[in-house]
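Q: One structure is given below, represented as structure tokens, and several questions about it will come after.
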Amino acid sequence: MEKWKTELVPADEANIARAAALLRQGEVVGFPTETVYGLAGDALNPEAVEKIFRAKGRPQDNPLIVHIASMEMLPDLVNNPPELAFKLAEAFWPGPMTMVLPKSARIPDVTSAGLSTVGIRFPSNPVAQALIRESGLPIAAPSGNLSGRPSPTAAQHMMEDMDGRIPMILDGGPCAVGVESTVIGVGEDRVRLFRPGGITVEMLEEICPVEIDPGVLHVVEAGRKVASPGMKYRHYAPKADVKIVEGSFDAFRAFIGRQAGEGVFAIVFDGEETALPVPALSFGAEDDPAAQAHLLFDLLRECDERGAKEVYVRSPRTTGIGLAVYNRLLRAAAFQIVHLDESGVAAQ
Ligand code: TXA
Ligand code: MG
């Protein structure tokens, strides 16, 4: 891999033009979207796409999402999308929704990791749109973290992971949503949810029936073939050992009292922090999943910086964007869940 002196620059017009020129030359750059920061490369140039995989250390069998900035870009990238795809685009694009559709011959195999489909997304972030328009390219972009680390929701987080690996990161401020896009497979009359995100199940159900792939909430056993390769990786793993804790706050407090010790942290809801004998970070009010989505990845990074060894997280509600929060937490926790009874004792 080339060694770069990575520039972290404001996402103004001049720097967007420079980033677009780099993309046209087959280089890769960091850029903001409304979900998380992405690592961009020309989706149609296999060498550029290989640079993305190398910079992230990403497994070759995990396909990339291709980003567009107008509906006119779509026909070139996909083959005979079902009518439903246009209905969904009308409802939710630009925005945090990725549709998995049959790919056209223009999409190189490295981009789609050898699948016959490709994930397409039309982001709403103005910098992302300007970069796509200015480069004139469909842009392949995974989240801009090193593979296995929490996704970056600020340019500085991406710098921590990518410094020296890429030429430039455009700083467009913190990401509005904070978790990655909703990924759906689109059929004739229904969709299948592969990854929950900012476009929620409830929103999709306004348009058509939604089937939730078992991989969203359950461990994918080793060797099983999955519809969306990202589901089988642990992901978002901070260095600490994360566990989700189910039960009331009283039970949580009693439980944490017995776990307390060096390197033990808690992630809890607003107002609960001060009642605990360990360092506790709040990820928002219990009934505010949008706030939790916005903060989750930041808090996982913060726990690492503060030397956390074990992190116990209050289990969030799974309605609306809460399902995305819970799905990311499950992966951060490698599916470890502690179930507490009312006295705070863990069920065996
Ligand atoms: O919000 C987002 O989607 C961000 C920003 C940068 O746009 N991107 C992102 O990309 O999260 P990445 O590569 O970190 O996650 C893409 C997910 C993976 O779980 C991958 O397996 C799935 O989408 N995916 C991509 N193409 C697919 C396909 N053809 N079929 C099934 N799953 C696909
Ligand atoms: Mg990712």
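Each Cβ is built from the backbone N, Cα and C atoms, and glycine gets one as well.
Relevant sequence annotations retrieved from TrEMBL are reproduced here:
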type    : residues                               : note
DOMAIN  : 13-199                                 : domain 'YrdC-like'
BINDING : T35, H67, R121, A141, S181             : L-threonine binding site
BINDING : R58, N62, T117, S143, S151, R195, Y236 : ATP binding site
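Give me the local environment of each listed feature.
A: The secondary structure of T35 (L-threonine binding site), as reduced to three states from DSSP, is coil rather than helix or strand.
Taking a C-beta cut-off of under 8 angstroms and a sequence separation of 6 or more, T117 (ATP binding site) has the following same-chain neighbours: V100, L101, P102, K103, G185.
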Q: Please list the binding-site residues from T35, R58, S181, Y236 whose Cβ falls under 6 Å of any atom in ligand 1.
A: T35, S181
Q: Please report the Cα separation of Y236 (ATP binding site) and H67 (L-threonine binding site) in Å, rounded to an integer.
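A: Distance between the two Cα atoms comes out at 22 Å.
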Q: At 10 angstroms around each C-beta, which of the binding-site residues N62, S181 has the fewest other C-beta atoms nearby?
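A: It is N62 that, of the binding-site residues N62, S181, has the fewest other Cβ atoms within 10 Å.
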Q: Which value in Å gives the longest Cα to Cα span across the ATP site residues R58, N62, T117, S143, S151, R195, Y236 as recorded?
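A: Result: 25 Å between the two most distant Cα atoms.
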Q: Around the L-threonine site recorded as T35, H67, R121, A141, S181, what other same-chain residues have a C-beta within 8 angstroms of the site's C-beta center?
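A: What remains near the Cβ centre is T33, G38, I65, P96, T98, P123, A128, E180.
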Q: Measuring Cα to Cα, how many angstrom lie between R121 (L-threonine binding site) and R195 (ATP binding site)?
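A: A Cα-Cα distance of 13 Å.
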Q: Can you tell me which of the binding-site residues R58, S143, S151, R195 is spatially closest to H67 (L-threonine binding site)? Compare CA atoms only.
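A: That would be S143, the closest of R58, S143, S151, R195 to H67 (L-threonine binding site).
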